[in-house]
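> My structure is below; once you've seen it, I'll send some questions.
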Amino acid sequence: MSVNRDLRLYLRVLYSLGMLCAEFDVGTCTLHVTRSSERYAWFYTLVILSAAIALFIYAHIEPKQFYLPNYNRTGNFYETVNFRSSCMVLWLLYVCFYVRRHRHAALVQTLLRLNRRCIDLKLQRRFLGNFVLYVMLFLLCVGNYLNGFSQSGLSPFAIAVYMITYSYSFLVMCLLLVFFDCLRWILTSGIQHYNHILQRNSPQIWRKALHARQSLIKLGTDELNECFGLLFLPIIALVLLVANDGPFYLISTVFESKFGSGWQSLSIGVTACFWSMPWLIMLVMLHNNTLSEEANKTAKILAKMPRTGTGLDRMVDKFLLKNLRQQPILTAYGFFALDKSTLFKLFTAIFTYMVILVQFKEMENSTKSLQAYQL
């Protein structure tokens with residue numbers, strides 16, 4: 001049986017990283033929270049929380065240990081903010097994972113059973129494609145960090161800390177995102193399944209299909225948003241913060257010829273260009289309209305339904321009226337919709353943040369020039 005069936009590959013990795021406190025039973029399609037899985041999740045969470053707090057405190061006490069010699073003052077301050085923010089977000093995520101571990105397991109189990117009822121072979125290929133993309137983005141991240149930090153003039157200890165913290169942060173956050181995307185596709189496939197049922201001329205099954213479809217929408221707006229929407233708030237904030245890391249380093253070092261004009265300058269320039277790409281791809285993946293589009297198809301199907309002269313007509317009219325003022329299905333805990341309408345605003349925020357950083361850099365250069373002139 002394919003490891004993509006029932007998201008078993010994802011469940012194994014999530015369990016290994018302490019993010020899912022349950023073991024999957026293939027036969028019954030059930031997630032079991034056992035005593036050993038509880039102990040493992042508790043121990044793993046404790047290790048991550050302790051490491052995140054220790055690194056945050058050390059970076060606060062000894063910030064100069066993490067200063068990049070070729071970077072300017074603005075850039076080094078920005079880098080330390082990114083590092084501490086990564087530690088904080090990791091800490092918050094693992095606290096949420098552990099506190100809500102039973103609720104997460106129940107939600108995942110419900111969607112896995114839906115996946116078995118509404119079997120779609122295309123989903124298995126999509127699950128595999130998402131995982132391959134996840135591995136490729138992680139390897140790109142590790143390659144960027146290894147090449148960038150090894151040529152930055154940092155001490156071996158600082159390089160190791162930066163590498164482990166940033167790589168592990170991406171490993172956890174990107175896995176969470178691709179897993180959420182898979183769950184979203186299962187929900188979309190379920191709604192698509194009931195839309196196909198509604199297209200059949202059989203009034204006897206329309207009522208059941210509508211009730212089942214509404215329960216799926218409720219599952220998305222309530223449980224999926226509650227479990228994952230809260231987690232995405234700090235993740236999106238961190239992505240907005242670190243998205244300018246590579247471009248700003250490129251402007252502050254390579255464009256100012258701090259690495260000369262040889263091979264090292266070219267290597268750093270290419271690395272800086274690809275530095276933020278995995279995080280931005282992650283951000284784009286998060287904002288997808290497929291679920292909302294499939295949900296909106298139901299209204300079009302119902303509008304074409306023939307009248308039956310029964311209570312079903314009132315049910316259909318009530319549904320169509322409600323659909324006119326339908327809210328976004330998936331949100332970041334109600335703050336903004338997880339669809340393409342928000343994506344442009346987020347990229348605008350990233351660009352604005354970049355402009356502010358460049359302005360601070362120019363102010364720093366002007367101050368240095370003025371001080372040198374006075375001397």
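The backbone N, Cα and C atoms fix where each Cβ goes, and this holds for glycine too.
Annotations for this protein, taken from TrEMBL, read as follows:
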- 40-61: transmembrane segment (TRANSMEM)
- 81-99: transmembrane segment (TRANSMEM)
- 127-146: transmembrane segment (TRANSMEM)
- 158-180: transmembrane segment (TRANSMEM)
- 224-243: transmembrane segment (TRANSMEM)
- 263-286: transmembrane segment (TRANSMEM)
- 343-360: transmembrane segment (TRANSMEM)
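Mind running through what each feature is packed against?
Through the fold, the transmembrane segment (158-180) approaches residues 7, 10, 13-14, 17, 19, 55, 65-66, 83, 86-87, 89-90, 93, 130-131, 133-134, 137-138, 141-142, 145-146, 149-150, 152, 228, 231-232, 235, 238, 278-279, 282, 285-286 of its own chain, all at least 6 residues removed from its boundaries and within a Cβ separation under 8 Å.
Within the chain, the transmembrane segment (224-243) has long-range Cβ neighbours (under 8 A, six or more residues past its boundaries) at 81-82, 85-86, 88-89, 92-93, 96, 100, 103-104, 107, 169, 173, 176-177, 180, 183-184, 187, 276, 279-280, 282-283, 286, 330-335, 338, 346, 349-350, 353.
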> Can you tell me which parts of the same chain pack against the transmembrane segment (40-61), counting only residues 6+ beyond its ends and a CB-CB cutoff under 8 A?
15, 17-18, 21, 80, 83-84, 87-88, 90-91, 94-95, 97-98, 101, 161, 165
